[in-house]
Structures are given as C-alpha cells and as structure tokens.
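Beneath this line is the structure, given in structure tokens, with notes to follow.
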Amino acid sequence: MALPADQPGFGASLLAGGVAGVSVDLILFPLDTIKTRLQSPQGFTKAGGFRGIYAGVPSAAIGSFPNAAAFFITYEYTKFLLRTDSSSYLVPVTHMLAASAGEVVACLIRVPSEVVKQRAQVSAASGTFHIFSNILYQEGIQGLYRGYKSTVLREIPFSLVQFPLWEALKALWSRKQDHVVDSWQSAVCGAFAGGFAAAVTTPLDVAKTRIMLAKVGSHTASGNVLSALLEVWKTQGISGLFAGVIPRMAAISLGGFIFLGAYDQTRSLLF
C-alpha cells in the first residue's frame, strides 16, 4: 500500500513516529512513574514514592518505537484515504478519524507494554521480566491485554482533542506568517494541544491505571471503565478522578513538544 510520491510515505512515518516515541518515553519516564503512583490504589508513598522512578523502563523502551510507529503509519494513511481540501470544514473530522484509527492499532502494541510497565512502577523491587512472566503464568496472554478497552477509551477522546487542535494551531500559525510552521513551532502547538487534552482526559487515565493494577479476579480487573470511575468517585471524590493531573499534564505537554516536534523534524529530514 504505497502512497503517492507527494504524500508522506510509510517509511518516513514509521521512522519519524518511532524516533519521536522513543525520545518522549525515555526522557519523561520519571514523570510517568510519579503519575502512576499517584493514581495507584495503595497511594503514592506505598507504591514507591520517589524511589526507583525508572522501574519499568525496559518495557517502555521495547514498546515505544513500534507503538509510535504504528500510530503514525495508521494516522497518515487514514488521512490520505480520507483526504479533503484544506479549506473544507471536514478537515478536523478527518484528523479525528485518523487519530482514532491510529490509537486502535497502536494500542495492540501499547497495552502489553503499559501493563508490565505500570506494575513495575508500583513494585520497583520486582524486575520487568519477572512481572512479565508472572502475568503470563497467572493470566495468560489476556492478562497482557487487560485494560485494552479502557486504554482505547482513554486514547480516542485524547486524540480527538489533541490532534485536531494541533493541526488547527499549526494551520493558524502558518496563515499568520505566510509559510509552513517550523519544527519548533509545530512542537509548541503540540505542547499546548497535549497539555489541554491531558487535563480533560485524566479521569479516564485514572480508570485505566486502576484496571491495569487491580488484583487478579477482582471486580476492577474485569475492565469496566464506568465501574472503575464510580469506585474512585465513591472513595476519593473529584480529587481521586484527577489524581496525577499535574505530572500528567507536564509530561504530555513536554511530550507533545518533543514528540510532535521530533516527528515533524524527522519527516522534514526525510523529504
């Protein structure tokens, strides 16, 4: 399925997305660990506090490149399939559908990596491979995909906010200066779009974390997002639903800057 020469190629999207994903995940991993521990059922201190903040990094490192590459391959190809005139009111819809398709595909890679990573983050004494082996032994392959639905339900609303906003901000900036935005300008747009999307989708992220960390056989482990949200609401109220919102916004704002800037920069070098 090659794209026409004037469209972003699969190879460029794969490499650019992969480089951007690895850059973000490794640079911002400590913030992600802090966010996960703030959202964990046992609380921040019992989950490890500020100790061992790189626990679980091997899982993130292994999953990062293929996850990001899969997203952007799907994102760019879906945009190509649904291409509309740049002045059309359907452009934001195209970006939303492309981002949603990208998330559904990328989560097939992201979720197993995320499950192992988050369990390592709240149990720093256990090695990544040991946690991976335990999941397979106790729950089988389906254990690695626990939270797939909740992750997709988090990522699609996130992308519906982030990517149309990112593309709109880039288009606005381009019009203001009469030329296509530079990579650093794209990164600034990405930081703003990512931070805003992170804030409004934090409750879904909390639900996803609780489901992935729940004990085997528990009600939460069944993966019901609404049930997980209600449980957090009953026990911790609004503060529980927005647990970790500051490090999440910080990580994703910085991540949006690095990720989308690195993506555009890498693609520009390849064309």
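Each Cβ is built from the backbone N, Cα and C atoms, and glycine gets one as well.
Restricting the average to the repeat 'Solcar' (8-81) gives a pLDDT of 84. The repeat 'Solcar' feature in TrEMBL is assigned to 8-81 (among others).
Per TrEMBL, repeat 'Solcar' is recorded for 90-172 (among others).
What TrEMBL records for 181-269 (among others) is repeat 'Solcar'.
Here TrEMBL flags 12-31 (among others) as transmembrane segment.
The transmembrane segment feature in TrEMBL is assigned to 52-75 (among others). With a cut-off of 8 Å between Cβ atoms, the residues of this chain six or more beyond the transmembrane segment (52-75) that come close are 10, 13-22, 24-26, 29-30, 32-34, 98-99, 101-106, 108-110, 112-114, 116-121, 123-124, 128-129, 132, 163, 259, 263.
Taken from TrEMBL, the feature transmembrane segment applies to 87-109 (among others).
For the transmembrane segment (241-263), same-chain residues at least 6 beyond its ends with a Cβ under 8 Å from one of its own Cβ atoms are 16-17, 19-21, 23-24, 27-28, 31-32, 34-36, 38-39, 68, 72, 162, 166, 183-184, 186-195, 197-199, 202-203, 205-206, 229, 232-233. The transmembrane segment feature in TrEMBL is assigned to 241-263 (among others).
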